[in-house]
């Protein structure tokens, strides 16, 4: 497949899948022609056209239930994938992701804390604890140029464990009603999506993704190592600090809105490297497109195939693990550890 | 030529073990200065200090009358200092072209420009590496990697080039090619400081020579064959004899068992 075809697919596939996802759901399948008709009505309504003002049930479901969920799912998928790709490049470690570095569990603890204590914004709290977690992981495992990949993942596991323990304490202390909310949300739930959630998530994720995209070339430099960056006159420390902060921000907002989705940020960057190579200039965009599309497909699967909904975090683990093992065995994952 | 790099009373220790003691030396601009010395004599430590990676030293290191610690990379008005270390590993299989292209990253903010692509091509062609441009860097041999890294340093067009054993993995063809290239760079105004292990290659191409011994740098009197031999014999603990070639003195170790 030529490079142009690949890039074209990268741009077009998300739109096709977004459209297709709108037609699926527990209320029933909406045909493509009907969907196009409803979309046309919706667009007319946006511009205040008289005839289109009447709303049917199916329209309400499309615009108030399915569309926000699809947009949220896509953003979350893109955020987790880009965050994973960025962290792998910066730490020069193909086995890290927001989850294995402790960011996800730190953010989950922060988000749960804000559910119990009023007046703390959920995004901010998730972000702060995500930053705390990744900073601890980094300093625990830091050993200069000799920083070992394995040590870093082990440190991340320990930090994840600690924050999961804190989260359990919160669950233990909270009343049954809040407990249920926290438990459901930690499993990774997309069905609570609403325009409100899209609104609170939109700015940090889209802003963060855009900011990371501007650093896409510098990521190649950082992926070669600190010394190699200094050798050509770039001080890696500040850029690393900014990029890890951005990656944590998008992960934290994703976690704050839909809970923990494990393994996703680890797998997608590997998939996009298989198709587009390790160059982050294209890799950042590939992660956005593949990450968003992939999570949307997984969610479609859980919405349409089963009569009841399975939390998406459970699904990514069940679908992701065999895929990852397959890639690892095939040695298509491409790393020299 | 003026003194571009000045080192005054430089001392450095790893814990209790002193590596450099009151080292004083001057390296001149637009020259190829070579530092020779035994393994573990502190050459790489000095190199790390010059390159700015090691900052916990006593004494003064000046580049063009500016303290080394005050020279921050990435600013356009300061001296551009490029350096190449001995050891390098990479995790991801970037292509050779992408690796060399990162050498331009200090100056283009977000994405490489056409000038950068041209510079990469020019440098890869200069070392006959253009055919490798789409190969993964991780699949290259040690010598090829070393050349690619050298190209990567050169695309930023540094004023000062610091090299730690730039020829140690190279075959004779590339050793000569690299040294000739360095010589051309010096002629066009670059200042080069090079740590080397092969005294003859150094003597053939260098302008000024230092020997690292007893935690200090000693200037090598390369014009006087007797002084040259005695200094190098003391440094390397090997009996030597000399050969005159093209107005330069080269050295050959004496065999003990004939």
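Placement of Cβ uses the backbone N, Cα and C atoms for every residue, glycine included.
If you check TrEMBL, you get these features:
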- A:70-91: transmembrane segment (TRANSMEM)
- A:98-120: transmembrane segment (TRANSMEM)
- A:126-145: transmembrane segment (TRANSMEM)
- A:152-173: transmembrane segment (TRANSMEM)
- A:201-219: transmembrane segment (TRANSMEM)
- A:239-268: transmembrane segment (TRANSMEM)
- A:310-328: transmembrane segment (TRANSMEM)
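Comparison of A:201-219, A:239-268, A:310-328 by number of C-beta pairs under 8 angstroms to the transmembrane segment (A:98-120) places A:239-268 first. Beyond the ends of the transmembrane segment (A:126-145), by six or more residues, the same chain brings 98, 101-111, 113-114, 151-152, 154-156, 158-160, 163, 204, 225-227, 244-245, 248-249, 251-253, 255-256 to within a C-beta distance below 8 angstroms of the stretch.
Within its own chain, the transmembrane segment (A:239-268) has Cβ neighbours under 8 Å at 72-73, 75-77, 79-87, 90, 95-100, 103-105, 107-108, 110-111, 122-123, 125-127, 129-131, 134, 184-190, 192-193, 197, 200-201, 204-205, 208-209, 211-212, 215, 218-219, 222, 287, 290-291, 294-295, 311-313, 316-317, 320-321, 323-324, 327, counting only residues six or more beyond its boundaries.
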